[in-house]
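J.: I'd like to ask you about the structure that follows.
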Amino acid sequence: MSGELGVLNALDVAKTQLYHFTTIVIAGMGFFTDAYDLFCISLVTKLLGRIYYTEPNPTRPGTLPPSAQSAVTGVALVGTLAGQLFFGWLGDKLGRKKVYGLTLILMVVCSVASGLSFGSSPKSVMATLCFFRFWLGFGIGGDYPLSATIMSEYANKKTRGAFIAAVFAMQGFGILGGGIVALTVASIFDHKYKVPTFEENPAASLLVPQFDYVWRLILMFGALPAALTYYWRMKMPETARYTALVAKNAKQAAADMSKVLQVELEVEEEKVEKMTSDKRNSYGLFSKQFAARHGLALFGTCSTWFLLDIAFYSQNLFQKDIFSAIGWIPPAKEMNAIHEVYKIARAQTLIALCSTVPGYWFTVAFIDHMGRFAIQMMGFFFMTVFMFALAIPYDHWSKEENRIGFVVIYSLTFFFANFGPNATTFVVPAEIFPARLRSTCHGISAAAGKAGAIVGAFGFLYAAQSKDPTKTDKGYPTGIGIKNSLIMLGVINFVGMLCTLLVPESKGKSLEELSGENEGEGAEATEQEGSRV
């Protein structure tokens with residue numbers, strides 16, 4: 001196209017090179033840490049309840065009261081939502097690189113601080129844990145828009161979807177890593193301190209002084225992968241799209257990308273000036289022009305991510321409750337505290353290994369062939385089908401001889417979440433919006449997702465409680481039960497299919513073509529795609 005910058009065209013048509021894989025690893029390790037930190041809390045909440053809320057002469061192991069369970073599980077998600085909005089906006093104002101290291105430092109410091117949560121009473125320990133996990137989430141939130149935007153702006157248009165999806169796929173390894181670390185720590189402590197089950201000796205099954213280290217070590221390990229990549233994040237040059245189209249520095253953009261691509265690039269100051277001064281490319285986020293060009297698409301990316309995360313986080317954070325309900329994890333009284341951590345971690349690791357991780361990498365393999373739209377629609381469809389397949393004959397699955405079948409179908413919902421909307425909702429917002437608003441719009445879309453995660457985390461916690469008052473967890477009101485909760489998640493996934501119709505296909509097009517930044521070209525195409533319905 002006539003308005004296209006040479007430096008951006010060079011990135012679009014570049015062959016896959018070492019710097020692509022370096023960027024995937026650098027950005028991806030942040031996502032490894034994100035997933036590890038967000039989901040490892042589900043591995044230790046039962047242990048926290050046993051250590052801090054078991055009463056004297058108990059009849060059953062202690063559990064976190066509803067307020068503490070909600071806070072510990074959800075506070076990081078609230079922090080993530082705030083971080084996505086703030087750092088998404090900041091990434092467009094100050095540049096991707098300047099903000100990128102800050103989010104990582106925050107994640108490292110708060111991962112360690114979470115494990116050092118202090119106090120002499122259960123309330124003070126929970127309060128400091130929640131404080132540090134909020135700020136941990138705040139740093140994690142910044143990683144979403146920045147990693148996605150950096151990867152999309154570095155990638156070539158032929159394999160851009162696979163590269164962005166590969167960054168996000170590191171989440172799968174983060175979830176798997178959390179399970180492996182928990183298994184390892186639990187095994188070490190179990191080998192050293194052989195203690196009876198709760199039924200045999202309630203007090204001895206806790207071994208409070210030593211077992212208190214278990215959850216702290218699991219939480220603190222999340223700092224390690226983030227710390228290892230900090231240096232490399234600081235060495236990355238700013239993306240050419242930000243430098244040229246937002247900072248308006250054609251010379252710096254050409255110099256940076258000449259080093260990255262190892263080719264000589266022309267400095268096109270006049271063309272940069274023309275593109276950035278064009279009034280068609282200067283509208284703001286809250287303008288009528290933005291609403292006309294990108295409003296439907298932004299609603300589409302926000303609504304689909306919101307609906308997906310209600311289902312995805314409900315499933316991930318409460319795997320242990322679902323597995324307990326069908327008897328795959330024994331009743332708490334039949335285990336000691338450390339065995340409970342081990343069995344929960346084993347269940348999560350098996351699900352991650354067999355379905356979650358493969359699902360992410362199927363998306364990486366097929367996204368630039370099938371397209372984003374087809375994968376997202378397919379994922380929502382099969383998630384709906386499998387949720388109903390679990391929910392409607394739920395009484396059948398709860399029988400001991402049918403538990404394997406339940407776990408297989410449950411695993412397939414994870415597979416199609418990840419070979420589906422969990423990956424594509426992350427990819428598309430990094431591609432379809434203008435450079436000066438790209439990080440902000442991705443942050444808004446991601447924050448809508450985390451709002452869904454909060455609904456899922458808090459809503460499912462209460463909704464999944466039994467209808468029978470004698471079978472609810474201590475301190476909880478009766479709910480609608482696991483069966484009806486799964487039906488609700490199936491309906492939510494179906495609505496996600498409908499909202500997918502608003503999301504444009506971005507396969508094979510340059511970022512400037514999608515956003516209409518080539519002297520206003522491409523806007524019409526974007527509008528047509530966005531109004532698919």
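Just so you know, glycine gets a Cβ as well, placed from its N, Cα and C.
Relevant sequence annotations retrieved from TrEMBL are reproduced here:
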type: COMPBIAS; residues: 514-527; note: compositional bias 'Acidic residues'
type: DOMAIN; residues: 23-508; note: domain 'Major facilitator superfamily (MFS) profile'
type: REGION; residues: 510-533; note: region 'Disordered'
type: TRANSMEM; residues: 21-48; note: transmembrane segment
type: TRANSMEM; residues: 68-87; note: transmembrane segment
type: TRANSMEM; residues: 99-118; note: transmembrane segment
type: TRANSMEM; residues: 162-189; note: transmembrane segment
type: TRANSMEM; residues: 213-232; note: transmembrane segment
type: TRANSMEM; residues: 373-392; note: transmembrane segment
type: TRANSMEM; residues: 404-423; note: transmembrane segment
type: TRANSMEM; residues: 443-464; note: transmembrane segment
type: TRANSMEM; residues: 485-503; note: transmembrane segment
J.: At least three Cβ pairs under 8 Å linking the transmembrane segment (213-232) and the transmembrane segment (162-189), pairs spaced 6 or more in sequence?
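T.: Yes; at least 3 Cβ pairs under 8 Å.
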J.: In terms of Cβ proximity under 8 Å, which residues at least six beyond the ends of the transmembrane segment (373-392) contact it?
T.: 304, 308, 311, 363, 366-367, 406, 409-410, 412-413, 416-425, 483-484, 486-487, 489-490, 493-494, 496-497, 500, 503-505
J.: So what's the mean pLDDT when you look at the domain 'Major facilitator superfamily (MFS) profile' (23-508)?
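T.: Mean pLDDT for the domain 'Major facilitator superfamily (MFS) profile' (23-508): 87.
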J.: Let me spell it out: take the transmembrane segment (485-503), skip the flanking residues so only those 6+ beyond its ends count, and list any with a Cβ under 8 Å from a Cβ in it.
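T.: Non-local partners: 296-297, 299-301, 303-304, 307-308, 310-311, 314-315, 372-373, 376-377, 380-381, 383-384, 387-388, 390-392, 394, 421, 428, 460, 463-464, 479, 530, 532-533.
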J.: I need to check the long-range neighbours of the transmembrane segment (162-189): which residues 6 or more away from its ends have a CB within less than 8 Å of a CB in the stretch?
T.: 20, 23-24, 27-37, 39-40, 43-44, 147-148, 151-152, 154-155, 210-211, 213-214, 217-218, 221, 225, 316, 338-339, 341-342, 344-346, 348-349, 352-353, 356-357, 359-361, 363-365, 367-368, 418, 423-424, 426-427, 430-431
